[in-house]
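S.K.: Copied straight from Swiss-Prot:
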- 22-104: domain 'Lipoyl-binding' (DOMAIN)
- 63: N6-lipoyllysine (MOD_RES)
């Protein structure tokens, strides 16, 4: 499994990358591998509030549907509209083309409360 060291991780299998005053998030390589081929990614609405640890949306695969949780609290400022036509980007490149949404966090310091890649991998 690939879990880049420059990212932070939630126990619920989401990753976070800081980009200026925003955070980009998606599901981890482990999560996409467990789900199998994704067929649908439901993204949150731009402008909606998300709360850390709570369900933000759902991904559906040929095997099952799974909740996506918000890794930090904040406002959704952008979603990856490419996933509407190509949800398999999450399987092919979960940390690149497969990002799901961007959040303007209520407190950027909350990212530091998330797991390192070593801590995340130890919990798998």
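Positions of Cβ are set from backbone N, Cα and C atoms, glycine also.
What you see is a predicted model, and the numbers here were worked out from it, not measured in a lab.
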S.K.: Which residues of the same chain, at least 6 positions away in sequence, have a Cβ lying under 8 Å from the Cβ of the residue listed as 'N6-lipoyllysine'?
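M.R.: 35, 36 - these are the non-local Cβ neighbours of the residue listed as 'N6-lipoyllysine', listed in sequence order.
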S.K.: What does the DSSP secondary structure composition of the domain 'Lipoyl-binding' (22-104) look like, as residue counts for helix, strand and coil?
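M.R.: Its residues divide into 15 helix, 36 strand, 32 coil.
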S.K.: For the domain 'Lipoyl-binding' (22-104), provide the mean pLDDT of the predicted model.
M.R.: 97
